[in-house]
Amino acid sequence: MRIEVLLDVKTTLGEGPLWDVDQERLYFIDSFDGRVFRTTVDGGELRAWDVPQKIGSMALRKDGLGAVVSLQRGFHLLDFKSGDVTPIHDPEPEFTDNRINDGKVDKRGRFVAGSMDTMEQGANGGLYSLATDFKVTKLDSNIVCSNGPCWSPDGRTFYFADTWSGEIWAYDYDLSTGGVSNRRTFAKVNTSGGGAADGATVDAEGCVWSALVYDGKLVRYTPEGRVERTIDMPVKKVTSVMFGGPNLDILFVTSMAKPPLPRFPGDGVLRGSLFAIHDLGIRGIPEPRFGA
C-alpha cells in the first residue's frame with residue numbers, strides 16, 4: 001500500500017470525491033469555499049467552478065450537462081459549460097441554520113442527500129431524496145450531521161451516518177420507490193481517538209469504507225459490520241473516500257485545512273490535501289449519474 005499526496009490544494013473543507021468513469025476525471029469539492037474541482041488521475045490538471053453558497057455534495061448528470069449539487073439552501077443544478085447555478089428546491093426553508101450536506105445517487109438515478117445543523121448541535125436535519133423529476137421526498141429526520149450515504153453493490157441496502165451518533169446505520173432500500181425502512185445499527189464507530197464517521201463508499205466486495213474525521217483513520221467494514229482493516233492517514237482531518245482510476249483501484253481521500261470545530265488542532269503542512277492510496281488490491285464500483 002502506498003499513500004500519495006495527489007494535490008496540495010489546502011481545501012478549507014475538502015469533501016465528496018467522485019470518479020467519472022466516462023471521462024476518467026476526479027471531482028471533489030471545497031464545502032466552505034463553495035468550489036467544485038476536477039482533476040486527472042495523476043493530478044496533472046485542475047479545473048474549478050465557483051458556486052454561490054456552501055456546498056455539501058455533488059453528482060454528475062446523465063445528460064452530460066453538469067452536476068446536481070447540494071448547497072446551503074437546497075438542491076441546485078450546476079452547468080459545467082456556462083458555470084450557471086440554477087435552484088431546484090429547498091426542503092428546509094424554515095431551518096436557516098441548516099445546510100444540505102453529503103449525498104449520492106442510487107441505481108435509479110435519484111440523488112439522496114442529508115442536511116445538518118451548521119453548529120452540529122441541534123437534531124433539525126433530515127434525509128431527502130431528489131427524484132429525476134425534481135420531486136423531493138423526506139426519508140428520515142432528527143439528524144444532527146448527515147454523512148456517508150452509500151449503497152451495497154446490489155443497491156438494496158443503504159448506509160448512512162449521523163456523524164456524532166457513534167454509529168453507522170443500514171436501511172432496507174426499495175429501488176422501485178426510493179423508500180427506506182428497517183433502520184438498524186450497521187457498525188459502532190470507535191470514537192476513542194476523538195473521531196467520528198464522515199464520508200463513505202462501498203467497494204466491489206460490498207465492504208463499507210468510512211473516513212473517521214478528526215481521528216485520521218479510514219476503516220473498512222465487512223458487509224456484516226465487522227472492522228476488516230484500519231488505515232492511518234498522515235493527517236487527522238480526513239473527510240471522505242471514493243475509489244477511482246482507470247481500474248477503479250485507487251482510493252481517493254479528501255481532507256480539511258481548517259476545522260469548523262475549533263477544539264480540534266490543525267494538520268500542519270499537509271492540511272487540506274487530496275490523497276490517493278495505491279496497491280490496496282481492492283476495486284470500487286462506478287457511481288450512478290443523476291437523471292432518468
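Keep in mind that glycine also has a Cβ here, set from the backbone N, Cα and C atoms.
For the divalent metal cation site, TrEMBL gives Glu15, Asp198; the one candidate out of Asn98, Asn124, Asn142, Asn147 that the record lists there too is Asn147. When Cβ atoms from all protein chains are considered, those within 10 Å of Glu15 (divalent metal cation binding site) total 25, not counting its own.
In this structure the C-alpha atoms belonging to Asn101 (substrate binding site) and Asn147 (divalent metal cation binding site) are separated by 7 Å. Around the Cβ of Asn147 (divalent metal cation binding site), the same chain contributes Asn101, Asp102, Gly114, Met116, Phe160, Ala161, Asp162, Thr163, Ala197, Asp198, Gly199, Ala200, each under 8 angstroms and 6 or more positions distant in sequence. All protein chains included, Arg99 (substrate binding site) registers 23 other Cβ atoms within 10 Å of its own Cβ. Across the structure, Glu15 (divalent metal cation binding site) and Arg99 (substrate binding site) are spaced 15 Å apart at their Cα atoms. Note: the divalent metal cation site is recorded as Glu15, Asn147, Asp198; in the same chain, Gly16, Asn101, Asp102, Gly148, Thr163, Gly199, Ala211, Val213, Thr239, Ser240 also have Cβ atoms within 8 Å of that site's Cβ centroid.
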